[in-house]
Amino acid sequence: MTPPLLTSPTAFASLPQPTGAAGAAARPVLYDNHGRPLEYVRLAVTDRCNLRCFYCMPEQGIKYLPKQELLTYEEMERLVALLAGLGVRKVRLTGGEPFVRRDLVPFMDRLTQIPGIEELTLTTNGVLTAPHVADMARMGVKAVNLSLDTLDRARFASITRRDELPRVMDTFYALLAAGIRVKINAVVMDGQNTQDLLPLAELTRELPVDVRFIEEMPFNGGSHEATPATLPWNYHRIREHLELNLGTLTPVPTRPGDTASHYTVAGHQGRLGIIAAYSRTFCGTCNRLRLTAEGGLKTCLYDQGVLDLRALLRGGASDAEVVAALSAAFRNRAANGFEAESQRPLHQLSFESMSTIGG
Ligand code: SAM
Ligand code: SF4
């Protein structure tokens, strides 16, 4: 079956626009070659980071891009506006650490003004974030993903190679106080923080937070050997461990595009989540694109980049040309992360750092 093509108020104004049931103009929708809609973009605003997480990059860090090779805020704004014209309604800022990039807050403000963008959010390590929480509340940020792999200060310092847990906790409490939903992301690493799963999960007992456990992926910039084909702590084992210790995990129905399977536990205010990032159980409803810090477009986390948007923008492409290139890339996606991985010319995933991809 050929999926329906997109409609867009900008470059495709000559095509018929869809209308809703009541005749009102519906939002544009671009479907990929597997019938999945485009709704969400993850924007890595920098590859730089103030932590050195073991699972993300080596101790000495990665070779950062020269500043002129990063997309400028203006370039990112233009891309987000064009993507909004294709149906994107949610933007997540990530990195590297987003708050390491100067003037992030004014950039966020501008993104919230782009017609069609309904949700702006970010993923942060929390070290520099607390002073910006009030601004985020003012601009209507509803939820923030906070990366936190342990509540133990020594283990935090050993995993991230920086002694910054107190500042991360300041951010945690500032977000709660501001009424911004906190979604904790914890990468589960065999032999490193499996003793931290229960203390982290216990946060959901008294607090209305989501604590999500992520399978470790191989994108560690050469920090250590590639993830074994059989991951010691995969989503099955994480669930079993939680259930054995906390009682029944009741699944919350997933929505299309969700990467986390969420669960409630009787008596807990918050929810638990498991993200099968390595087992890739969620590709069937994947609704997102990724822009790397240097302007590479990824239509799957596991592909190696399918379009050099920086070259296109800096080569003087018109809006219509950029939209056409974005649409063509999205209409030619791999069915899932395994197919995308198999199509990589450079197969070794651990050469890449999640800091350039944005998670
Ligand atoms: N610096 C920010 C942070 O840590 O939240 C944003 C960027 S970070 C690359 C985005 C997410 O990717 C974080 O939640 C992090 O835990 C996750 N991540 C990084 N490397 C990973 C890996 N090898 N496997 C699974 N998740 C990873
Ligand atoms: Fe930095 Fe986030 Fe990577 Fe940790 S996971 S090194 S905080 S980019």
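The backbone N, Cα and C atoms fix where each Cβ goes, glycine too.
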* Asked: For the GTP site that TrEMBL assigns to R42, R92, K183, R288, L289, R290, which of the candidates T123, T124, T264 is also assigned?
  -> T123
* Reduced DSSP assignment, C56 ([4Fe-4S] cluster 1 binding site) -> coil
* To do: Measure from the Cβ of R42 (GTP binding site) and count the other Cβ atoms within 10 Å, all protein chains considered.
  => 22
* Please name which of the binding-site residues listed here, Y55, C56, S147, M217, C283, is nearest in space to R92 (GTP binding site), Cα against Cα. => S147
* **Candidate binding-site residues C53, C56, G96, M217, C283, pick with smallest Cα gap to R42 (GTP binding site)** => G96
